[in-house]
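Trainee: Got a structure for you, written out below as structure tokens; questions coming shortly.
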Amino acid sequence: MRFSRGKQDGYYHYRHYSLPLLFTLALAIPATAAEDASTILSRFQQYLQINTAQPHPNYYEAAQFITSQANSLSLPSQTLEFVEGKPLILIKWQGKDPTLPSILLNSHTDVVPSEHHKWTHPPFSAHLDSTTGNIFARGSQDMKCVGLQYLEAIRKLKDSGFRPLRTVYLSFVPDEEIGGADGVAKFVDSDAFADMNVGIVLDEGLASPADHYRAFYGERSPWWLVVKAVGAPGHGSKLYDNTAMENLLKSIESIRRFRAAQFDLVKAGLKAQGEVISVNMVFLKAGTPSPSGFVMNMQPSEAQAGFDIRVPPNADPASLERRIADEWAPASRNMTFEFKHKVSVNDKFGRPAVTAVDSSNIWWALLEEAIIKANARLGKPEIFPASTDSRHFRERGLPAIGFSPMANTPILLHDHNEFLNKDEYLKGIDVYESIIKTYASYIQHPRDDASREEL
Ligand SMILES: *[C@@H]1O[C@H](CO)[C@@H](O)[C@H](O)[C@H]1NC(C)=O
């Protein structure tokens with residue numbers, strides 16, 4: 001890791017203005033309360049216009065923009081570079097009692113690629129449709145909105161004279177869209193992170209087509225499975241048992257039955273997507289290649305298939321492992337299997353990697369309270385169907401809640417024409433204002449052992 005800038009404590013301190021200068025500034029710049037929405041929206045658009053699409057995100061331009069925002073808020077920021085070319089920007093709003101566990105507001109700066117020609121407005125134009133108020137851009141939902149909403153909420157709180165009791169940190173991290181190995185994974189292992197004494201993490205959630213917000217307390221773990229079959233090769237005209245293809249097809253049939261049963265639970269409304277084990281076949285590989293395609297009169301001696309399996313944290317991993325070994329790739333059928341990637345459903349203490357969402361977790365109760373205070377509604381807490389950086393925090397036993405304040409919004413992350421309506425964006429700022437105020441004012445020091453138990 002290296003600091004690209006630094007003073008004694010690693011932060012880049014913004015100098016204090018003298019009183020007369022402050023006064024002049026106050027006269028020259030209208031207070032945020034009076035700041036019109038277009039100024040707030042234009043900052044969001046500026047951030048959206050920075051092309052941080054994988055696989056070649058322009059991280060330095062994003063870092064520069066975020067640092068300039070921190071400067072404009074007189075908040076110290078530092079750029080951590082655990083991996084060359086992948087800056088992580090950490091902003092600190094010092095609390096009155098720095099001994100209390102801090103609040104971490106996390107967001108990632110990278111976005112997924114887009115097929116430009118399939119978009120109505122170019123994905124980095126941040127076009128604001130004047131009729132609907134929709135802002136079109138890659139990252140408008142996932143998740144540049146959240147990163148800037150945190151900053152705008154702090155701008156409002158500062159202008160209102162609010163001072164946090166607990167220290168509030170904002171991290172703008174790289175590489176979430178490619179797994180976070182060079183981003184959050186390195187961050188949570190760093191001394192800088194240990195020094196922050198984080199008590200609660202807020203990270204991304206999903207848009208909600210309904211008029212309530214969604215919150216996530218855990219996520220499914222990816223298990224990327226490859227099953228391989230072997231069998232005696234033979235003429236394409238001959239019927240005989242135990243060919244590689246037949247052996248593999250028996251597995252595929254068994255896996256499809258399991259998939260259908262899980263999917264039925266979702267279709268019947270008994271379980272949410274995040275609560276079932278999903279299995280999707282992602283590749284099939286077999287056949288004897290020929291110059292024009294495949295040899296058509298020969299049964300191959302090997303065949304394999306790949307599956308993307310997602311396991312909810314409350315599932316029993318041992319029973320799924322048994323099912324794979326006994327039914328999906330049984331040695332009795334000469335089958336083998338391997339995992340290309342397998343994330344544990346447990347945290348490093350061996351407990352399911354979920355954040356408590358009942359009265360045992362004060363941060364959950366405070367979140368609900370703050371959202372109601374902001375005149376918004378929160379739905380039933382959910383398991384995130386895919387993966388986010390929250391995983392890395394929960395893995396270390398830290399409570400992390402996935403939350404992106406986007407109601408009345410179609411889920412368009414990773415899709416063409418991703419957009420967020422300007423009114424939803426502005427409403428989200430008010431919601432974060434309420435959340436940050438509530439969190440940063442919370443006095444009690446959660447007992448360490450008690451909060452461990454809650455996880
Ligand atoms: C497994 O392989 C052995 C050795 O090639 C063969 O004799 C047997 O029939 C195969 N069994 C199945 C179910 O494919």
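Heads up, the Cβ atoms here are built off N, Cα and C, so glycines get one too.
A TrEMBL annotation is a machine prediction, not a hand-curated record.
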Trainee: In TrEMBL, the residues Glu177, His414 are said to bind Zn(2+) 2. Which of Asp129, Asp142, Asp203, Asp211 is said to bind at that same site?
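Mentor: The candidate from Asp129, Asp142, Asp203, Asp211 that TrEMBL ties to Zn(2+) 2 along with Glu177, His414 is Asp142.
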Trainee: Write down the one residue from Glu61, Glu81, Glu204 that TrEMBL lists together with His108, Asp142 as binding Zn(2+) 1.
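Mentor: According to TrEMBL, the candidate sharing the Zn(2+) 1 site with His108, Asp142 is Glu204.
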Trainee: How does the model score the domain 'Peptidase M20 dimerisation' (217-327) in terms of mean pLDDT?
Mentor: 97
Trainee: Taking DSSP three-state, what's His414 (Zn(2+) 2 binding site) in: helix, strand or coil?
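Mentor: In three-state terms, His414 (Zn(2+) 2 binding site) counts as coil.
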Trainee: Report, in whole Å, the straight Cα-to-Cα distance of Glu176 (active site, proton acceptor) from Asp142 (Zn(2+) 1 binding site).
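Mentor: So the alpha carbons of Asp142 (Zn(2+) 1 binding site) and Glu176 (active site, proton acceptor) sit roughly 10 Å from each other.
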Trainee: So which recorded positions are near Glu176 (active site, proton acceptor), with CA atoms within 10 Å, out of His108, Asp110, His414?
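Mentor: Cα filter at 10 Å returns His108, Asp110.
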Trainee: Taking 8 Å from the centroid of the Cβ atoms of Asp142, Glu177, His414 as the cut-off, which other residues in that chain fall inside it around the Zn(2+) 2 site?
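Mentor: Output for this site, in sequence order: Val111, Val112, Gly139, Met143, Leu413.
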